[in-house]
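Encoded as structure tokens, here's the structure I'll be asking about.
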Amino acid sequence: MSATRSMEPDLRGRKVLLHDMCLRDGMHAKREQIPVEQMVKVAMALDAAGVPLIQVTHGAGLGGNSLQHGFALASNEAYLSAVAPKMKQAKVSVLLIPGLGTMRELQSAYNCGARSVTVATHCTEADTAPQHIAYARKLGMDTVGFLMMAHLNDPEGLAKQGKLMEDYGAQTVYVTDSAGYMLPADVRARVAALRAVLKPETEIGFHGHHNLGMGIANSIAAIEEGASRIDGSVAGLGAGAGNTPLEVFLAVCDRMGIETGVDLFKLMDVAEDVIVPMMDHLVRVDRESLTLGFAGVYSTFLLHAKRAAARFGVPAREILVELGRRKMIGGQEDMIEDTAMSMAKERGLLKDVSRKAA
């Protein structure tokens, strides 16, 4: 046993930047319904705990307010303008998915106080991002390339996509486990492949979901292979079974000697006293969110699938498995109802659907 332990990387003194997602990914779990005042309260509590980077937007990012992705209680500009001036040490970040968010919206976010942007693409589509990344760099923003659903590309393929993002100007490239599908070996292989092709000064990040309960283990695996940025969400507030629970991950970091600069007890208090009371439902690994991780389905699909299940009479778990089989990706939310309708039709349930609609 001692020989095995001696082979484990010593992470003492390793510096890692924590990036909280509860005010962006957490919007999915709240059906985008977080009031501006509550957004400010949470952000100020995170700032006081020492969290250095906090993401604040609609769940789908800039341009996310739409029929397909849901309408938030306020615009991204309203959220950012309220939160950014209140920050004493934390920087505010935003999510931008090319094709949804625009450069004009990025400029507006910058004007409202955002200083970091996560430019997110599917793991095989980095070539949709060069203009957005270049514009973010022109603005002087901390610019991150974010490769979503990373399990759908092998390590070598993901490394090529990450290299493209670096060439476009990204200062950090993320391995993004949008489905909570990956195991530590999967994460290690992809982070190592990126580290082998990126410049030494280009950082690597990891964004996990807790659908298989692997968020913390996967994040540590990423750090072992050279990642220096880790996303998480206080109390795990996020899509599916939530993101890597940030306060739990921080406790593990403190145990391992990983340096984050964040106060553990303050973050624990934020989770218990601020985030848990605002949850509409307990964010946990349940039957449907576990199915997301097992089948490799985009975590944001969870509540959409539950709504489709109620409408068409097909169990949400079975809808999610079919979405995984079809390899549906982020941005294809409109296909969830189509899939459920097709399944209902095959099972002779459409008469019941019309009766429910009436």
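Residue numbers in this text run from 1 along the chain shown.
Note: Cβ is positioned from N, Cα and C throughout, glycine not excepted.
Straight out of Swiss-Prot:
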type	residues	note
ACT_SITE	His28	active site, proton acceptor
BINDING	Arg24, Asp25, Ser178, His207, Tyr298	substrate binding site
BINDING	Asp25, His207, His209	Mn(2+) binding site
DOMAIN	16-268	domain 'Pyruvate carboxyltransferase'
SITE	Arg24	site 'Transition state stabilizer'
Which one, from the recorded positions Arg24, His28, His207, His209, has the smallest tally of other C-beta atoms lying within 10 Å of its C-beta?
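Each of the recorded positions Arg24, His28, His207, His209 was scored; lowest Cβ tally within 10 Å is His28.
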In the three-state scheme derived from DSSP, which category covers Asp25 (substrate binding site)?
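Assignment for Asp25 (substrate binding site) reads helix.
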Across the record's substrate-binding residues Arg24, Asp25, Ser178, His207, Tyr298, the largest CA-CA distance in angstrom?
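Largest pairwise Cα separation, rounded: 16 Å.
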Quick check: with Arg24, Asp25, Ser178, His207, Tyr298 left out, which same-chain residues have Cβ atoms within 8 Å of the centroid of the substrate site Cβ atoms?
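So the extra residues in range turn out to be Met21, His28, Met148, Thr176, His209, Gly238, Ala239, Asn243, Ser299, Thr300.
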Please name the residue among the binding-site residues Asp25, Ser178, Tyr298 whose C-beta has the most neighbouring C-beta atoms within 10 angstroms.
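Compared across Asp25, Ser178, Tyr298, the most Cβ atoms within 10 Å surround Ser178.
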Which chain neighbours of the Mn(2+) site, leaving out Asp25, His207, His209, have a Cβ atom within 8 Å of the mean position of the site's Cβ atoms?
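Near the Mn(2+) site, beyond Asp25, His207, His209, sit Met21, Thr176, Asp177, Ser178, Gly180, Gly208, Asp231, Ser233, Gly238, Ala239, Asn243, Thr244, Ser299.
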Return only the integer: C-alpha distance in Å from Asp25 (substrate binding site) to His209 (Mn(2+) binding site).
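A Cα-Cα distance of 10 Å.
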Looking only at DSSP and grouping its letters into three states, which state does His207 (substrate binding site) belong to?
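The residue in question, His207 (substrate binding site), is strand (DSSP, three-state).
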Over the domain 'Pyruvate carboxyltransferase' (16-268), work out the mean pLDDT and round it to an integer.
98
